[in-house]
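**Student:** Before we start, here is the structure in question, set down as structure tokens.
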Amino acid sequence: MPYEIKKVFASLPQVERGVSKIVGGDPKGNSFLYTNGKCVILRNIDNPAIADIYTEHAHQVVVAKYAPSGFYIASGDVSGKLRIWDTTQKEHLLKYEYQPFAGKIKDIAWTEDSKRIAVVGEGREKFGAVFLWDSGSSVGEITGHNKVINSVDIKQSRPYRLVTGSDDNCAAFFEGPPFKFKFTISDHGRFVNCVRFSPDGNRFATASADGQIFIYDGKTGEKVCALGGSKAHDGGIYAISWSPDSTHLLSASGDKTSKIWDVNVNSVVNTFTMGSNVLDQQLGCLWQKDHLLSISLSGYINYLDKNNPSKPLRVIKGHSKSIQCLTVHKNGGKSYIYSGSHDGHINYWDSETGENDSFAGKGHTNQVSRMTVDEHGQLVSCSMDDTVRYTNLTLRDYSGQGVVKLDVQPKCLAVGPGGYTVVVCIGQIVLLKDQRKCFSIDNPGYEPEVVAVHPGGETVAVGGADGNVRLYSILGTTLKDEGKLLEAKGPVTDLAFSHDGAFLAVCDASKVVTVFSVADGYSENNVFYGHHAKIVCLAWSPDNEHFASGGMDMMVYVWTLSDPETRVKIQDAHRLHHVSSLAWLDEHTLVTTSHDASVKEWTIAY
């Protein structure tokens with residue numbers, strides 16, 4: 001019973017206000033890479049739906065850069081670990097690992113022969129190191145700064161030069177190898193966020209939080225000019241990137257614009273205004289072949305259009321925070337995946353192409369905990385902002401209507417025919433009919449965690465933290481406790497009725513899935529063991545013969561109802577991140593989401 005990965009819809013870059021985001025390009029110009037959490041994400045620049053995720057860092061990764069040869073990538077994390085790994089194979093084998101200093105690595109630069117690496121950041125005893133890639137032997141010292149170094153670059157032609165930019169408002173110029181400190185450049189009045197040599201090595205540029213960009217001679221370090229005369233931008237500048245022919249420079253700023261500069265005549269060629277919201281601040285940029293990319297504070301990746309500066313060619317959206325829940329729905333013959341994340345953001349994806357967007361208008365303001373689609377084709381979602389929302393899936397617009405405010409925080413919801421929604425909250429079970437609250441059980445006597453409604457619409461199953469499942473009946477506008485207890489093997493974490501209503505599957509914190517037979521008075525049908533840690537989600541296949549479970553052990557199992565031994569085990573479905581939610585597109589296609597903020601589609605063969 002094999003499986004294979006069909007599609008990966010990758011996460012967006014992880015961004016932080018006021019901190020520049022480094023986006024690296026590959027030397028051949030086909031792909032770009034960035035980091036999110038413990039992952040390094042590699043994406044095809046022409047078709048960003050093609051993605052690969054590297055997850056071998058134990059800590060949050062800050063920066064990753066291709067070697068000029070294109071065969072290796074160096075990535076550095078917050079603990080000061082630098083990993084150099086292979087790009088040619090799917091396994092991304094580790095070549096070398098170094099710890100140049102103890103503390104966050106903020107930038108990496110290679111020499112053009114891919115033999116030496118400079119690493120800078122916030123170490124305890126030093127802020128940078130430069131060494132041979134294969135032995136780790138030092139090839140110089142990075143000195144001259146008394147605060148954290150934000151950026152480093154090396155001239156890509158001999159004689160080598162190295163330049164750094166720091167929070168002490170200075171840039172420093174080095175000659176080598178071995179690299180020795182030559183002089184400090186103190187033209188900026190605020191933090192220096194980014195320093196970059198032009199591809200031909202003739203010049204380098206420094207960009208700072210003071211809104212200025214200075215151009216210098218690449219060989220001597222002499223100042224050539226200040227772009228734009230005095231100020232290049234009205235806000236701090238977080239990133240710069242040279243054009244491949246070394247004549248133009250792209251800059252990204254907190255004033256919510258990106259600009260293209262003609263360096264030879266010192267003038268602005270284009271100004272891209274990205275919006276007026278604080279989330280439109282520009283924190284990163286990349287110029288690769290004909291593509292101009294910028295990164296917004298929202299995490300969105302913008303493909304800029306030189307011919308129409310007011311509107312990007314395309315904007316890549318998705319999630320930059322961990323995904324908590326998902327659901328799938330067919331609309332107009334297409335299958336869509338809906339995913340909700342920790343920051344209240346809901347995204348929808350075309351399951352075939354990976355084309356995606358977020359809903360229009362103002363939606364949830366906190367973590368989306370559970371989503372499902374009701375009989376009217378509305379997305380029903382509950383969130384830690386204490387609301388349940390009904391969103392029309394043809395309009396995909398959060399309007400003022402369709403919001404139900406609850407007294408306490410909801411954890412899970414389920415919908416049934418006849419306009420019913422059952423919501424379990426902290427210490428409360430609420431029944432909604434036609435988007436109105438009609439009944440609640442205020443002190444159920446246990447802590448309800450999850451809920452499912454039988455496809456027939458009369459029975460509601462509620463799983464509790466006490467390890468029991470209780471059954472309720474929907475009678476008009478009330479819920480009646482049937483007084484029946486089904487015992488799970490531990491605190492219930494998720495439950496679901498099969499689509500034909502014949503079985504109820506219950507998973508728990510004790511790593512077990514128990515299936516009850518509905519027709520036989522909810523007698524225990526089978527028990528499924530295999531997970532190594534708490535199971536958090538499960539979903540039935542449309543064939544009602546198989547169901548999938550995902551857990552904190554990063555594993556997904558696809559079980560066969562009749563035989564617990566016949567199973568598909570997807571190891572490391574989302575490596576280093578537990579699986580947060582599952583759904584089936586069809587009998588052989590499973591969708592998984594995780595705290596790594598990515599969505600994956602798997603083909604399952606029985």
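Here the Cβ of each residue, glycine as well, is placed from N, Cα and C on the backbone.
Note that the structure is a prediction, hence the values are computed from the model and not measured.
Just lifted these from Swiss-Prot, have a look:
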| type | residues | note |
| --- | --- | --- |
| MOD_RES | LYS28 | N6-acetyllysine |
| MOD_RES | LYS81 | N6-acetyllysine |
| MOD_RES | LYS95 | N6-acetyllysine |
| MOD_RES | LYS115 | N6-acetyllysine |
| MOD_RES | TYR238 | phosphotyrosine |
| MOD_RES | LYS480 | N6-acetyllysine |
| REPEAT | 4-45 | repeat 'WD 1' |
| REPEAT | 48-87 | repeat 'WD 2' |
| REPEAT | 93-135 | repeat 'WD 3' |
| REPEAT | 138-176 | repeat 'WD 4' |
| REPEAT | 180-218 | repeat 'WD 5' |
| REPEAT | 224-263 | repeat 'WD 6' |
| REPEAT | 270-306 | repeat 'WD 7' |
| REPEAT | 311-351 | repeat 'WD 8' |
| REPEAT | 358-408 | repeat 'WD 9' |
| REPEAT | 432-474 | repeat 'WD 10' |
| REPEAT | 480-518 | repeat 'WD 11' |
| REPEAT | 566-604 | repeat 'WD 13' |
**Student:** Using Cβ atoms only, state whether the repeat 'WD 7' (270-306) and the repeat 'WD 1' (4-45) have three or more pairs under 8 Å that are 6 or more apart in sequence.
**Tutor:** yes
**Student:** At a 10 Å cut-off from the C-beta of LYS115 (N6-acetyllysine), count the other C-beta atoms across all protein chains.
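**Tutor:** That number is 15.
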**Student:** Just jot down the residues in the same chain as the residue listed as 'phosphotyrosine', at least 6 apart in sequence, with C-beta under 8 A of its C-beta; none if empty.
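**Tutor:** The answer is VAL19, SER20, LYS21, ASN193, CYS194, ALA207, ALA252, SER253, GLY254, GLN282, LEU283, GLY284.
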**Student:** Please list, for the repeat 'WD 8' (311-351), how many residues fall into helix, strand and coil according to DSSP.
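**Tutor:** Its residues fall into 0 helix, 25 strand, 16 coil.
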**Student:** For a quick check of packing: other C-beta atoms within 10 Å of the C-beta of LYS81 (N6-acetyllysine), how many?
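**Tutor:** Cβ-Cβ neighbours of LYS81 (N6-acetyllysine) within 10 Å number 19.
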**Student:** Can you tell me which parts of the same chain pack against the repeat 'WD 11' (480-518), counting only residues 6+ beyond its ends and a CB-CB cutoff under 8 A?
**Tutor:** 441, 449-456, 459, 461, 463-473, 524-540, 542, 544, 547, 549, 551, 559, 561
**Student:** When DSSP is mapped onto helix/strand/coil, what comes out for LYS95 (N6-acetyllysine)?
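**Tutor:** Going by the DSSP assignment, LYS95 (N6-acetyllysine) falls within a strand, counted as strand.
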**Student:** Can you name the far-off residues of the same chain, 6+ from the ends of the repeat 'WD 2' (48-87), with a Cβ under 8 Å from a Cβ of it?
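**Tutor:** Same-chain contacts beyond the flanks: 7-10, 14, 22, 24-28, 33-35, 37-42, 93-114, 117, 119, 121, 123, 133, 156, 301, 316, 353-355, 574-577, 596, 598.
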**Student:** Six or more residues out from either end of the repeat 'WD 4' (138-176), which same-chain residues have a Cβ under 8 Å from its Cβ atoms?
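**Tutor:** Residues packing against the repeat 'WD 4' (138-176) from afar: 20, 68, 106-112, 116, 118-122, 126-132, 182-197, 199-201, 204, 206-208, 218-219, 221.
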**Student:** Residue list, the repeat 'WD 6' (224-263) vs rest of chain: Cβ under 8 Å, 6 or more residues beyond ends.
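**Tutor:** Non-local partners: 18-23, 29, 187, 190-191, 193-194, 196-200, 202-203, 205, 207-217, 269-277, 280-289, 292, 294-295, 302, 304, 306.
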**Student:** Compare the Cα of LYS480 (N6-acetyllysine) against each of the modified residues LYS28, LYS81, LYS95, LYS115 and report the nearest.
**Tutor:** LYS81
**Student:** By a Cβ-Cβ criterion of under 8 Å, what residues six or more beyond either terminus of the repeat 'WD 10' (432-474) are in contact with it?
**Tutor:** 388, 390, 402, 404, 406, 411-426, 480-482, 484-497, 499-501, 504, 506, 508, 516, 518, 522
**Student:** I'd like the Cβ neighbour count for LYS480 (N6-acetyllysine), meaning other Cβ atoms within 10 Å of its Cβ, all protein chains included.
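**Tutor:** Its Cβ has 13 other Cβ atoms within 10 Å.
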**Student:** Mean pLDDT over the repeat 'WD 1' (4-45): what is the value?
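**Tutor:** Over the repeat 'WD 1' (4-45), the predicted model scores a mean pLDDT of 95.
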**Student:** Can you name the far-off residues of the same chain, 6+ from the ends of the repeat 'WD 8' (311-351), with a Cβ under 8 Å from a Cβ of it?
**Tutor:** 7, 9-15, 36-37, 48, 272, 274, 298-305, 357-359, 363-373, 377, 379, 381, 383, 385, 391, 393-394, 396, 577, 580-586, 589, 591, 593-599, 601
